Amino acid sequence: MPWALLLLTLLTHSAVSVVQAGLTQPPSVSKGLRQTATLTCTGNSNIVGNQGAAWLQQHQGHPPKLLSYRNNNRPSGISERFSASRSGNTASLTITGLQPEDEADYYCSALDSSLSA
């Protein structure tokens, strides 16, 4: 079986239009099939520390898909291979057992805690 690398591109996204969250992520992560990749997102304590982060996956030509929100809450239908966590001001998304379809852009998004639904 040929060995393949997956490139996971990380993009920082703030869902707050007035106040930028100041989130930072490494530009990319490359791993082999069936390996584990961990993506990180660091921001200020008012955003990542209080609210956690949402993680989204986007394949080229398709809209973003929500993978996780407020730390490790997964929407229905999202595989348990995607697991989010937070330590201090750093949010992480871990993808286990990487599959070809995991090659995508990943967005870390933060919400302003002063916003209400």
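Positions of Cβ are set from backbone N, Cα and C atoms, glycine also.
The number of other CB atoms found within 10 A of the CB of Cys108 (disulfide bond), across every protein chain shown, is 27. According to Swiss-Prot, the feature disulfide bond maps to Cys41-Cys108, an assignment based on sequence analysis.
Look at the domain 'Ig-like' (22-117): DSSP puts its residues at 10 helix, 41 strand, 45 coil. Under the heading domain 'Ig-like', Swiss-Prot lists 22-117.
Here Swiss-Prot flags 20-43 as region 'Framework-1'. Each residue in the region 'Framework-1' (20-43) has a pLDDT score, and their mean in this model is 78.
According to Swiss-Prot, the region 'Complementarity-determining-1' annotation covers 44-52, on the basis of similarity to another entry.
Summarising the annotation, Swiss-Prot assigns region 'Framework-2' to 53-69.
Sequence annotations record features per position, and here Swiss-Prot assigns region 'Framework-3' to 73-108 based on similarity to another entry.
According to Swiss-Prot, the region 'Complementarity-determining-3' annotation covers 109-117.
Residues or ranges marked as signal peptide in Swiss-Prot (evidence: sequence analysis): 1-21.
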